[in-house]
Structure formats: structure tokens, C-alpha cells
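Engineer: Sharing a structure below in C-alpha cells format, with a few things to ask.
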Amino acid sequence: MGGKQRDEDDEAYGKPVKYDPSFRGPIKNRSCTDVICCVLFLLFILGYIVVGIVAWLYGDPRQVLYPRNSTGAYCGMGENKDKPYLLYFNIFSCILSSNIISVAENGLQCPTPQVCVSSCPEDPWTVGKNEFSQTVGEVFYTKNRNFCLPGVPWNMTVITSLQQELCPSFLLPSAPALGRCFPWTNVTPPALPGITNDTTIQQGISGLIDSLNARDISVKIFEDFAQSWYWILVALGVALVLSLLFILLLRLVAGPLVLVLILGVLGVLAYGIYYCWEEYRVLRDKGASISQLGFTTNLSAYQSVQETWLAALIVLAVLEAILLLMLIFLRQRIRIAIALLKEASKAVGQMMSTMFYPLVTFVLLLICIAYWAMTALYLATSGQPQYVLWASNISSPGCEKVPINTSCNPTAHLVNSSCPGLMCVFQGYSSKGLIQRSVFNLQIYGVLGLFWTLNWVLALGQCVLAGAFASFYWAFHKPQDIPTFPLISAFIRTLRYHTGSLAFGALILTLVQIARVILEYIDHKLRGVQNPVARCIMCCFKCCLWCLEKFIKFLNRNAYIMIAIYGKNFCVSAKNAFMLLMRNIVRVVVLDKVTDLLLFFGKLLVVGGVGVLSFFFFSGRIPGLGKDFKSPHLNYYWLPIMTSILGAYVIASGFFSVFGMCVDTLFLCFLEDLERNNGSLDRPYYMSKSLLKILGKKNEAPPDNKKRKK
């Protein structure tokens, strides 16, 4: 009865793969797949390139990278090449009117003249009454105070220049931050109109001190990297060696290591059960019950009631029981999983070039991200600059008839205007053109292009690695039958025939990810809503989309393996992979969990080892090191430690992603091998002898005078 039921289940998920005498691993004679999707993808990329060209033609990222003076000219460029900093004549008017940081980021809307300077003022200075009658040249130019607006004549009196706001009336010790001169908080400002006390000024400047501190911190961080970059590279090299050794040694220690890890998980769960029981017993004796607490939104309060620890105890006990039952009844499948891990280690050892393919993926991902970032930046800064007339005090005599806020030419000479302080200032960028009106849509196009290209690059890496590892499994005589350049052959084959299939799978995943991003945006906007029903619905939607994304990633991964082997289109490959996995669902679950546990331990070993070594080295806690190996003196010794840990995690993830792809590929090949062959002379198994031994199978030995042909 059990065999009949199993046959019916197999029929529900398709028929087993039939024997094909012509099959010798990844098919070489194949044709292009999903051509329509390939054409759409190439057209989309062409449009993406056009968007980038348009953004480059119309965009001007200098407004983000460089500050502008009152006339809209860039500091540090062109005629102001030797004047990289921006000085505000009266920065307190900025502080009193708005947030200076937002003013600096959103344009020159600060109500005070601004001028490009070669260096920020270092000493405090205020115009004295006895200097009002002197000329600008005597007070400013000859005393190296080159802070007036361009074009102010030498013979103009100081009082006139101050009335027209052509020169500053005071200077404060300042330091550059964000390309602008900001004063320190401990300076004493002069008496200014509209400011009644120093507290207002101090409160305003305190908003700037974070930027200045950030500048100091950034300088120290740069110094630390300059001092420790060599040792960070050494730490990353150690991470690379550890990752490689861990994978290569799995063929020797996979079995004992998996057993130790499983026993370790059992031990952790057992300790958790013991701890929960002790907490439950103490609270039970105290009589602390949830009925006394009632309902509360303070989750930490539930730690003080016995029901919480009882529920945790039950959950951990159930998990412990499930794991024990799996260890008892699924030990055969665990042995198969261990054997596949050993086989994957051998495959990686035979094709060491696969371990460095993540570098190719990383470079391609970096190109995609950099292209999107530059395109988005240029699009955001597209538009023609707009200039308007502006005066600090429009009620001054002579300003009544001046058309304030009307368009003007910044090159016009306004010094002799009857309105004091009248200037043609930069207002912003025009949004009237076709490109400017379409910026939002083009940005959406760019985001879609970012997700699609990133997913396509990841799909390319998975399919290429699958093709290389499949050629290893289906080589009957190893290593003689393995192709000479399996990775390069798989790369060329994938690009030539299956660009469309990869684009199809990447597009499906992209649409789900875009939906998740939109949902996260809606959730962020509705975060203030207190309706519990709405929050619950939103949480359910987010959970469903997260599960859908995980499932599609899993399905795509196995579909790419089938594409690499058989050269079918995406839908057929996804269907065949899904049916094959469902016919062996228990083996799939066991292998997946064993592999996840092993790779998690591997990452923990590599990252933890590099982290511990980095900590003891950079903190100077390793005695006896020679002069050449002495740790550098750092401002923040944790900075290279965290950098080393992050780099080690990235390296370990790259290496173990290759190993994980190898395991998945060999597993699908193993399942097909079981269905396709029977061990006879005509249909021998391709799996290793250890797998044959675990399964209780063997290949029929050929006669002495014959050699098996494959």
C-alpha cells in the first residue's frame, strides 16, 4: 500500500526522468531560449542607456558636489578654481531664518550675500567706526581680507559697500564643512540688528557643530584607514584562506562536523528548555500570572509572568523532539546530504576557478549600481538655472520700484543700483522642459533598471556555476572527462543561448521586489496610523510578499540549474525542477537544512576568527610582535576591526555562495541520476561510490575484456 501511495504521489508531480542514451551532461547542441524576453531585455537596456545619455546631457551634479555663490557661480571651479569655500556675510541671518544645513543642501536661499573664498577667516574682526570713511581697498584688500563680492572697486567707501551689502561687516573664526565656512560655537559675535542675545546665536550655531564634528571624525577615520589599510588587506587575505580551506577540508570532516553541529543545536535547545523551566518554576511559586498583568503594549512586561516561559518551554520542547525524530528516522538522508557535501568539496577542488567567479559578479553588480547612481544624480540635477532679483531689505529707500523675485541676468552689473544690496541670485532649476517634467518617470525607469540588471547579473552567476558543476557530475571518469575550461564554456554558453531566460526569471523577481518596496513605502507613510486592523493587514501583505520572494528565488535558482544542463526555456526548466524536487521533497528539506547549518557555521568560523584576530592585533593585545608586525596607533581601533569583519563576511559569503550553488547543482543531478539510470552496463550511475554505498546500490561490473563506454 505504501509503495502504491508513493507512486500516486510521484504521478501527481510528473513522471520520473526517462533514460536517454545520448545524454552526456550539459547539452552542447542547444538553441536560444525565451527570445522574446531577450529582445525586450535588450530594448530595455538600450532605453536605460538612452536615459543615462539624456541625464548626462541635461544634468549638472556640480550643484551637489560644489557650493554656489550669490550669482550661482560654483566655488572651486572655473574662475573660482582657487576659491573652493563659500562664505556667508551674515550667517546668523541664515540661522535665524531656517536650518542652515537644509539651506546649504536646497540652494542659495539664505537671505545674505555669499562669496567664494580661498580660505575661511581665522581671526575675528569687525568694521570699526573710524573705517567707515576709508576705502574698500584700504580696509579689505590691502589687509588680505578678500571677502567682498567680485567687482567691488578699490575706491568705494566702506560705508557704501556695507549699505549695499557688497562686503561683510564682520568676520568670525570659521572652519570649512560641506564646502562652506561655518563659525565655531565658542566665538563672541558682534552686536547685530535683529539679535537680542547670545543665546539665540549659540542655539543656532549648535546646529552646525555636528557637521564640524563630523568633519573632524571623517579626518580621523581617513587617517586610521591610511595607517591600517595594509593590515586590513592582510585580515581579508586570512578570511579568503580560511574560507577556501574550510570548503576544501569538508571532504574530510563533513561527517563529524555535521554531527557536532546537530548535537550542538540539540544542546542549545536543551539548555533553553532548562532555563525556561527554571524561570517558569520561580514565577509559578511567586504566583505571577498573566491574569494579574492584563493586556499591555509593553512587551517586556510579559517576561515577568509564568505563562510566557511556559509557552517558550513548550515551543523549545517541540523543536527538540522534532530534531531528535529527524535524527533518528532521517539519518539515511542526512548521510546522503553529508556525502553530497563531500562531493561538492571535491568538485570545487577540481575547478578552483569557480571560487573566484564571485569577483566577476561583484564587478558587474558594482557597475550596475554605479551607473544607476550616476544616472539618478544627473536626472535629479537636470534643468536650466534660474536667477531672480533679491535684496536683503526691500523696504529700504530706492527699493520700492525694484521688481523683486523677477528673472535677471547674473552677468549684469547691479552695483550702482539705487536699491542697497540688490543682487541677482540663483533661485533653482527650471522644471518646465520635457525632460524636467519627466524626471520622476525616468527615475522610476532607472529604479526598475537597477533591480532588473542586478537580478540578471545574479542569475548569470548562478547559471554559469551550475553549468560548470553539472559538467563535473556528469563526467563518468573524473577528472579525465571534465571539460578543459568548464567555467568559461558555461559562461559563453549561458550568454549566447540563455540571456532571455535569465532576463525572464530576473523580471519576475524584480516585480515582486518592486511590490515590496512600494509596500514598505506605504507602510512608512502610514506609520502614524494607530488602526490595529490596518496595521495587521499591512503586516500580512508584507509577510506574504516576503514569502513569495523567497519562493521565487528558490524556484529561479533550480530553474537556472536545469537551463544550464538541458538548455530549455525558463518555464519548462522551472516546471521540471519543481516537479523533480517535489518527488524528493524529504531529501530536499534535509539537504537544505544541513547545508544551511554547515554554511552558517563556516561563516561564523571565518568571520569570528578574523574578528578575534583583528581585535587582539589592532587593540595591541598581542605581545611579543616584532617591529614589522607592530599594530599602528589609531584614533578608533574598532574601525579597522569592523572593516575587517565586514570584509570577511563578504568574502565568506562569496565563497560559500559558490559552494551552496555546487551543492544544489549536484543534488539535482543526483536526483536525475537515480531516476535516469539503474546501475546496469548500459545505464550506470554517475554518482560517487560513497553515495552508491549509502543507497545500497552499485554499478554492474563490466566483463574483464570490455571497457565501459560513456
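For all residues, glycine too, the Cβ spot is worked out from N, Cα and C.
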Engineer: Looking at Val588 and Arg493, does Swiss-Prot assign them to the same side of the membrane (meaning the same named topological domain)?
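Structural biologist: In Swiss-Prot, Arg493 shares its side of the membrane with Val588.
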Engineer: Tell me which residue from Asn186, Asn393 Swiss-Prot records as N-linked glycosylation site.
Structural biologist: Asn393
Engineer: Could you count the residues of the topological domain 'Extracellular' (523-560) that DSSP puts in helix, in strand and in coil?
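Structural biologist: Going by DSSP assignments, the topological domain 'Extracellular' (523-560) contains 32 helix, 0 strand, 6 coil.
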Engineer: Can you tell which of Asn69, Asn155, Asn405 has the most other C-beta atoms within 10 Å, given these are the glycosylation sites?
Structural biologist: Asn69
Engineer: To the nearest whole angstrom, state the Cα distance for the pair Asn405 (N-linked glycosylation site) and Asn69 (N-linked glycosylation site).
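Structural biologist: Asn405 (N-linked glycosylation site) and Asn69 (N-linked glycosylation site) have their Cα atoms 17 Å apart.
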Engineer: Looking only at residues six or more beyond either end of the transmembrane segment (456-476), which have a C-beta under 8 A from one in the stretch?
Structural biologist: 23-26, 41, 343-344, 347, 350-351, 354, 357-358, 360-361, 364-365, 368, 482-483, 486-487, 489-491, 493-495, 498, 502-503, 505-506, 556-557, 560-561, 563-565, 658, 661-662, 664-666, 669-670, 673, 684, 686-687, 708, 710
Engineer: Do the transmembrane segment (230-250) and the transmembrane segment (359-379) share at least 3 Cβ pairs under 8 Å, sequence separation 6 or more?
Structural biologist: no
Engineer: Could you state the whole-number distance in Å separating the C-alpha atoms of Asn69 (N-linked glycosylation site) and Asn155 (N-linked glycosylation site)?
Structural biologist: 24
Engineer: State, in range form, which of 35-55, 253-273, 359-379 has the highest count of Cβ pairs under 8 Å to the transmembrane segment (598-618).
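Structural biologist: By the under-8 Å Cβ criterion, the transmembrane segment (598-618) pairs most with 253-273.
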